[in-house]
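Notes follow once the structure below has been shown.
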Amino acid sequence: MNRPHSCLSFCWMYFAASGIRAVETANGKYAQKLFSDLFEDYSSALRPVEDTDAVLNVTLQVTLSQIKDMDERNQILTAYLWIRQTWHDAYLTWDRDQYDRLDSIRIPSDLVWRPDIVLYNKADDESSEPVNTNVVLRYDGLITWDSPAITKSSCVVDVTYFPFDSQQCNLTFGSWTYNGNQVDIFNALDSGDLSDFIEDVEWEVHGMPAVKNVISYGCCSEPYPDVTFTLLLKRRSSFYIVNLLIPCVLISFLAPLSFYLPAASGEKVSLGVTILLAMTVFQLMVAEIMPASENVPLIGKYYIATMALITASTALTIMVMNIHFCGAEARPVPHWAKVVILKYMSRILFVYDVGESCLSPRHSQEPEQVTKVYSKLPESNLKTSRNKDLSRKKEVRKLLKNDLGYQGGIPQNTDSYCARYEALTKNIEYIAKCLKDHKATNSKGSEWKKVAKVIDRFFMWIFFAMVFVMTVLIIARAD
C-alpha cells in the first residue's frame, strides 16, 4: 500500500517541477523577445517623452545606511546611502498579454535613459554618483533604479558648544543639466528613510527631513528644482567628557591649592607653571580636532579661562612669596593691614599662629629673661635719660642700702659702689635694649609672614569659588 503511494507522490513532484521549469523557460523566451522589441530602436541619449515640451517627473528617495566619517576639521561628511529614483519612460511600455503576462524585467541601468541627478554639495574630486546597478522596468514604463552610493558632502560645522554640539548637514540632490521645465524632481517621503540605519558610535541621528527647493540662478531664467535632505546629528559627548573635560576640571581645581602650599617649600610657582603646561597640552589636543574658524568651542573657552586663572594665581603667588620673605630691613606692617588683615581677615579665614587658636586669646608674653631684667630695674631708670646722674646716684644709694643690708648710714666707699652699680645698670640697659630690638625684628618678620599667609588663604577661597562658578556656567550653557 505504501509503495504505490510513494510512487504517485514522486510523479506529482516531477510533473510540478517540470511545469515550473517550462514556465520559467517560457518567461525567459518572452523576456528575450520583449527586450529585443523594446530596445530595437531605443536611444538612451534623449529624454524619454513623446512631447518635447512635456516635463519628466523624477521621484527621489534616500535611505541613510551608515555615517562613515565626520571630519570636523575639514568639514566633510562621509555617508553611505541607498538612493532610489523612479520615473516614466514613454518608449519602454508593452502589453502584458502579448508577452505571457510578463509585468517587469531587470536590465542594466546604462541601457536606459537616466536622470543626471547629482549631489550638489559634494566635497571630493571623485564621482559620488550611484553605482550602475540594474533597473526594474515595469510594463507601464515605470523605471525604478535602486543603487548604493558613498557620498562626501560639505557640511558647515558649528563647534561653539563642542563637545555638546548638534550639527545640521545638508545633502542636496538635483539635475545637473536639465532645468525644471524639462526634468522636475520630487521627494518621495517627507524625510529620509532611517529604518536600516546602523548606529554610529560618535553621532546620534535625530531625523532627516526632506524639502524641495526651486532656485533661479542669475545666468538662466529657467527654474532649477532640487531636493535637500537635512541630516540632524547630535554628538555623543561621553568620550570627550572623560578624556578632555573631567581632567581639565580636576586640574583647574589644583590651581587654587597652590595658595595652600607653604611659601617656605619653594614649590608654589613650580606647581602653577606645571598646571599651566598641562592645560596647554589639552588646549592643543582640542585645536587639532576643531576647524580653524572664528567660532571658539565651549571647551576651548573653558581651557582659556582656566589658563587665565592659573596665570593670575601664579602671578599672585609670586607677590605673596615676596611678602612672606620680608626681612628685618622691611618696613613695619601698616596699621590698616594690621587691622584689616591680621585682626579681622585672619579670624574669618581661620589663620592663626603656632599655638594660637580661635578659642584662646592671644597674650603677648615677654621672655622670662627680659622680665627679670625689667623687674630689677626701677621705672625711673628705664624712662630717664643718661644725663640725670644725680637721680641715678640716689637710686643707686637705695639699691646699695637694700642689697648690702645696712640699717644705718652709707659706708665711706660709696663712690666705688656707685660706680660699679652704674656700670652694671648700663650693661643691663644695653642687654634689655638688644632683647627688645631682637624681639621687634622677629615680630616684624612674623607679622609679614602672617600677612602673606592670610592673603594666600583669601586667594585660595576666591579662586576655588571662581573655578566652581566657571565650571557650573560651562555645564549650564552646554545643557
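Cβ coordinates come from backbone N, Cα and C, glycine included.
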Can you tell which of C155, C219 Swiss-Prot lists as bonded to C169 through a disulfide?
C155
For the transmembrane segment (238-262), could you work out the same-chain residues 6 or more beyond its ends whose Cβ comes under 8 Å from its Cβ atoms?
162-163, 202, 268, 271-272, 275, 278-279, 282, 285-286, 299, 302-303, 306, 309-310, 313-314, 316-317, 320, 456-457, 459-461, 463-464, 467, 470-471
Same-chain Cβ contacts of the transmembrane segment (302-323) under 8 Å, 6 or more residues past its ends?
245, 248, 251-252, 255-256, 258-259, 263, 268-269, 272-273, 275-276, 279-280, 282-283, 286, 296, 448, 451-452, 455-456, 459, 463, 466-467, 470-471, 474
In which DSSP state, out of helix, strand and coil, do we find C219 (disulfide bond)?
coil
Over the topological domain 'Cytoplasmic' (324-457), what does the predicted model average in pLDDT?
62
Count the other Cβ atoms sitting within 10 Å of the Cβ of C169 (disulfide bond), across every protein chain shown.
23
Please determine which of the disulfide-bonded residues listed here (C155, C219, C220) has the lowest count of neighbouring CB atoms within 10 Å.
C219
